[in-house]
Amino acid sequence: MDNNESEDVLTLSVEIPFPNSRIAEVVLNTLIVDSEPKRGGTIKTLKVIDNKLIGYFVGTNISSVRVSVNSFFENIHLISETIQLLGEPVSEKYSHFENA
Amino acid sequence: MVIAIGFEGSANKLGIGIIEDDKILSNCRRTYISPPGEGFMPKETALHHRQNILAVLKQALDESGIKPEEIDVVCYTKGPGMGAPLACVAVVARTVAQIWNKPLLGVNHCIGHIEMGRFITGADNPIVLYVSGGNTQIIAYSRKKYRIFGETIDIAVGNCLDRFARVLKLSNAPSPGFNIEQMAKKGTKYLPLPYCVKGMDVSFSGILTYMEERSKKLIKEGFTPEDLCYSLQETVFAMLVETTERALAHVGSKEVLIVGGVGCNLRLQEMMRIMCKERGAKIFATDERFCIDNGLMIARAGLEMFKSGSRMKWEDCGITQRFRTDDVDVIWRKD
């Protein structure tokens, strides 16, 4: 499976619950900006349903999917720690999305 | 009154700084130090940043004595730099901006160095020599851009010095360049080395290969490691002074500003001072707190951008490994 010749499509769906939907949104907004490395060919789709972040990974190269999923978890860990340090978001909504 | 916080982590230094207009509130930094003979790799460096960034953030906030709600803008290094370290620092900056509900600004790392140098030294419109482990550029400002007059065509001067430190198995603490500088002070015998100035550009990879291939033999023949450090420094710094002098003459400026990690090398500053004296120009340089990568420089450049009305859309708050100095519109300068 760990070569580029395989045409089998590998999919992985991950569901991560957060204390509330606002935090799930913060995590989504933080993660959604970074694109996956082009060479790996893995496609990552993220969305929030209620307090859950849902990550959907599709790829043909198992090692590149693994890299994507690993970095997904590492980032979520880092974001969670950041929220633990600083506390909950101060506002109901982020007001600077369309600043430019 | 504007307060900015800056996150930097484009290479092995992780820094967070807070500035209130012209007042430095805090500037905290931790460095990932690899074992002697080894350089720092993206994966390990990113791990270091992830493990340390929240401690540095807490320290920067505590030292600044301000509350998060007083901050006006969150700035982070958008690029250029190593992908993985840049990305994990940007993740924290994006989270922080959302938690505090503050605008987020991506800053060009090179612009950070230049604006920090101008701020600390008071240089007004200098020729900038930007020398570090990842960049070597001779820069002058003209019509809303920092324009690159000359640069390295292969590796950065700091990369050349760092990798020669690896050949000699020097310690990477506090930095390989610092240890080369100390060794070079004790060198007496000069070894002529290839000198690679090509117009306004410079090249260091050939010099490094020359040293890598011959070091062992040269040491057997009676050169000491100190002599080799001395010869290497004299040669590469002479190349930098030559190109800076040419830019100075061309632009007609009377100021030279040295920024970037290699900029705290006192021998480079001394050689530049001699050249400046001959031309009636003035040299500006800073110490390691401000010229080695730090968070404050990102806060400072971000502050200037923010004050002049620069804002960023959320979808643009990613990172980019390549980001040229002359890609940035310098809207905050009035000249």
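Cβ atoms are placed via backbone N, Cα and C, with glycine included.
Automatic prediction, not curation, is the source of TrEMBL annotations.
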| query | B:ASP293, B:ASP316, B:ASP326, B:ASP327: which one does TrEMBL list with B:HIS109, B:HIS113, B:TYR130 for the divalent metal cation site? | reply | B:ASP293
| Which of B:ASN27, B:ASN265, B:ASN294 does TrEMBL put in the same substrate site as B:TYR130, B:VAL131, B:SER132, B:GLY133, B:GLY134, B:ASP162, B:GLY177, B:GLU181? | B:ASN265
| query | Taking the centroid of the Cβ atoms of B:HIS109, B:HIS113, B:TYR130, B:ASP293 (divalent metal cation site), which other same-chain residues have Cβ within 8 Å of it? | reply | B:CYS110, B:GLY112, B:ILE114, B:SER132, B:ASN135, B:VAL259, B:GLY260, B:GLY261, B:MET297
| query | What three-state class does DSSP give B:ASN265 (substrate binding site)? | reply | coil
